[in-house]
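K.L.:
Reproduced below are the annotations present in TrEMBL:
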{"type": "DOMAIN", "residues": "82-166", "note": "domain 'PA'"}
{"type": "DOMAIN", "residues": "260-451", "note": "domain 'Peptidase M28'"}
{"type": "DOMAIN", "residues": "505-606", "note": "domain 'Transferrin receptor-like dimerisation'"}
Amino acid sequence: MAKWTQKKMKEFGLLDSKVHIMDSLLSYPVSRHLELNDEHGNVQFRAPLSEKPLEMDPTSNTIWRNMTFLAYTPSGEVLNKKLVYANYGKPEDFDVLESEGIDVMGKVVIVRYGKCFRGLKIMNAQRRGAIGLLLYSDPLDDGYRVGKVYPDGPWRPETSVQRGSAQFNSLCPGDPQRAHSEATTEQLCGYKPNEVIPSIPAIPISYHDAIPLLLSLQGDEVPPDWVGGLTDKLVYRFGPSKGTVSLGTNNTFKVTPIWNVITTIKGTLPKELDQPVVLGNHRDAWVYGAADPNSGSTVMLEVGRAFGKLVQSGWKPKRTIIIASWSGEEYGLVGSTGWGEEYANTLLKNATVYINVDVGVSGKTFASAATHSLGRELLKVAGKVKDPETQKPLSDVWDKQLGTLGSGSDYTVFLDNLGIASYDLRFMPFNKQPYGTYHSIYDSYTWIETQADPTLEYHVLLSQVVGLLALDFADLDVLPIELQDEAQAISQYVDELEGMHIHGLDELRKAVKELEKSAVAFARNDEVDNQQKNRILGLFERNLLDKEGLPKRKWFKHILQAPGLYLGYEPEVFPGIQQAFSEKNNTMLQQEITRAVSAINRGIRMLTPQNSGEPFVQAVY
């Protein structure tokens, strides 16, 4: 597929398309098993661990339906151990178990998908002493409690299994071994390779396979917010189980090449003034990946085709455009992270924006998350394109919500490690939750054409949005970055901290107010020429990096936002401050507030006339 993608880009007229090969540690399934035993050790239920073929979806009858696993989980055997239910597997869920007098030490834990990244569910469990973990998809989150299941609707059928990476993504994204790099994982992330992946066996299962296990649980009923969607079949209880479970995994680890494809449209500005615009989508999938990632890959190819037509007509962008097709995303953002680390110095000094498309289309509801200085440009572009269903401008049907970026896709290295302002754009189901066939054999073209986007009109629409954004960033005389919007967002982030009853924020509040004033003054300052203004706009986000990184995770350098340490997908604002507060560490809290104030003050200095244009990049790497 890498060679095919490169070939298509060249056919479009984008001749500078290269394959970037990097060695990476990956894992593959050999076998696994799961049994429920009675008190005497007799097998009561042997889980099929397989997805059922559907007659109306011809590609579902594949050998891959029997290969459900979690990447980077170790081989291991657990024999005849008690089972305990731990809700979503968040730290507070394990706190509830402890308060109920239920010890998970030496037991197997069953948790449901949702609320935090799957790898961190395992991390949270093994830190509490669990020796195995089962991860199931509950119908309350993406199954029949949300709507009709596939093939009658878009939601998850009973034997569907969500595969995925079990890497500890909030500690260290990318190849856990850094096989491609001269730097070690410990140097880059502060952890040894075996500390950023699980040490206990874990298996993903369907809710069909989870039902007998949940029925075996004894003990008290769980609180209401622990109750899932299987209440028509069972009562949710804490456990432990009456009998025991046995499970085993046999996974093999191998260093193997992965292939990124990097297509470049060279800009007309001289090298010292060029500020590249980077677009990216990953190419790898767990099975067919019609939505994840191929809906996004379709968008990027369409954007490439459109740019190719422009190039063939004689057009050249002012700023260089890079279109990246990443590999290894599903294992833990491996391809994008490796490329970003390899070219960090160049990207830090020059790159302006990163536009990410992952699951491009899984529904008809526009969802966006971005650095807040980029929001106004997105709204402008959304006003130029039409929603196919209503024929109204997308800006009229969009809820205008601009989410804060956490992690979980390829923007992570660009924003969290390199301080490059970023977008993540997609069309989602009505509830803006992951779609029902995510990471299963049912994420197929049949699902797309019968459930998500039968006419492919939303694929076209997203291609228009991404293409117009890229054109504006590449060609406008002044970069469409609004720093006053970001300053206002930062002020709201301080409000969030105060809402958590974090005290001692006076200096931070003062600095943010000064930043708001400086951003407004900068926007009104006609004495700053475009060259200098663009340099400041393109580099401003770098001021929010700290070269030491966040506490306990040095790879994450952005002081304003990061994925939650124990949650992984959703963002935390001022993550260092929140972490110190949650750990009740007043010394760390003061240090993190001071670091945040310093970062804000760097931004203020950059916006003042006598200091304008002085980049902060040399202090980061």
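Each position is counted from 1, following the chain as shown.
The backbone N, Cα and C atoms fix where each Cβ goes, and this holds for glycine too.
Where the annotation comes from TrEMBL, it is an automatic prediction and has not been curated.
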K.L.:
Summarise the domain 'PA' (82-166) by DSSP state, stating how many residues are helix, strand and coil.
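P.N.:
Final tally across the stretch: 23 helix, 19 strand, 43 coil.
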K.L.:
Per DSSP, what is the residue count of the domain 'Transferrin receptor-like dimerisation' (505-606) in each of helix, strand and coil?
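P.N.:
The counts are 63 helix, 10 strand, 29 coil.
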K.L.:
Please average pLDDT over the domain 'PA' (82-166) for the predicted structure.
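P.N.:
So the average pLDDT across the domain 'PA' (82-166) works out to 98.
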